[in-house]
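Accompanying notes for the structure given below.
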Amino acid sequence: MKYTKHNFMMSVLGIIIYIIDLIVDIWVSVKFFLEGQYVFGILALSFMLFGTLVVQCFSYSWFKADLKKAGQESQRCLLLLHCLQGGVFTRYWFALKKGYGIAFKYNSKTNNFMEEEIDQHKEVIDRMTDLSMLRLFETYLEGGPQLILQLYILLEHGQANLSQYSAIAVSCCAISCSTVEYQIALRKSLPDKNLLNESGPKFIYLFYKLFTLISWMLSVVLLLFLNVKIALFLLLLLWFLGITWAFKKKTQFCTSISMEFLYRVVVGFILIFTFFNIKGQNTKRPMSYYYIVRVLSTLGILIVFWVFPLSIFSPDYFIPISITIVLTLLLGIIFLIVYYGTFHPTRSEETKCDEIDGKSVQRDCRVRYFLME
C-alpha cells in the first residue's frame, strides 16, 4: 500500500473539483436572487447548506474521535473552523501537506518500506479516503437535489443560461467523479480488497452510476411536472424506506448514537439516487430488488405521461426525453451487469463479503463501515 505522485495529483484534482462545484453553486444561487426567482434561489441555497452542514458535522465528529484515540483533547479551533464551513478545507490542507512529503520522498525509493514508512503511507491514504467519503456525502446531499432543480428549470423553460448549464454539468461531473474516486480510495485503504487500477473497470463503473442516475433524475423531473405533491411523496417514501433499511441492518458507522442516527438518515437519502451496500453482506438480491423497483417506477412515470400528456410538452419535445430516459436506464443496467459480471475486482472471491464495510476487515479504518457499490 503506497501513496504515489499520481495519488497526490488526483487528490489535488479532487479539491479543485470541490472548489469549482462550490463556486458554481453560489453563482447559481446569487443569479436566481438577482433575477427575482426567489423560490429557486432559496431552494438552491438550502440544498447547498444542507449538504455542507451535514458534512461539517461528520468531519468534526471524526476529528474528535481521532484525537480521542490518540489521547489528545479536542481543540476549540477545530470546532470554530467547522462552524465557519472550513472543515473539508482543513482536512485537505493536512492531507495534502502530509501526502506531498510522502509521495515525493519515498516514490523513488525501493518498495521494501520500513514499518514506520508504511504507517505514514497508510495514514495519508486513510485521510484521503475520509475526504473522498465526505465529498461523496456532499455531492449526493447537495448535488442530487440541485441537479433535479436545474433539470426542472431547463425543461420548464426550454432553455437555460450559462450558470444553469454550468450547474448541470458540474453536478453530473461531481457526483460521477466522487463516486468513482471513493470506489478507488476504499479499495486502496482496505487490504482485503483488490485495487481498481485498470481504466476499463473504472469507466464501466462510472457509466453504470452516471446513466442510471440521469435516467432517474429525468423521471423525477417529469413527475414533478405532473404533480409536485406526488413527486415529493414518492421521494419521501423512498427516503423513509432507505432509513428503515439502514436501521434494520443495524449499521455501526459512528461511535455516538446521535451521529449514527444522522448517518442512517444520510444513507436513506443517498439510496434515493443510487444503490450501495451498507453492511458488508452479499448484495446480489437487494441490488436486484432495488433496480427492479427503479425500472418499474421509471416505466410507470413514462406510462402515466403518455396516458395523461401535459400541454407544456409537445410530442416533438416529450419523445426525445422519453427516449433519453429509456436509453440511459438500459445502458446503466447493461454497464452494471458487465461491471459485476466481468470487471468486479472481487467477483472470483466467493467466500468474501461484497464490497462494503467488509466484516472481515480487521483494520481500524472508518471506511470499513461504508463501502459504495
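Positions of Cβ are set from backbone N, Cα and C atoms, glycine also.
What TrEMBL says about a protein is an automatic prediction, not a curated fact.
For 12-34, 40-63, 210-241, 261-278, 290-312, 318-340, the entry in TrEMBL reads transmembrane segment.
Within the same chain, the transmembrane segment (40-63) stays apart from the transmembrane segment (290-312): fewer than three Cβ pairs sit under 8 Å, each pair at least 6 residues apart.
Below 8 angstroms of C-beta separation, residues 144, 147-148, 151-152, 155-156, 172, 175-176, 268-269, 271-274, 291, 294, 297-298, 301-302, 304-305, 308, 310, 312-313, 321, 324-326, 328-329, 331-333, 335-336 of the same chain, each at least six residues beyond the ends of the transmembrane segment (210-241), sit close to that stretch.
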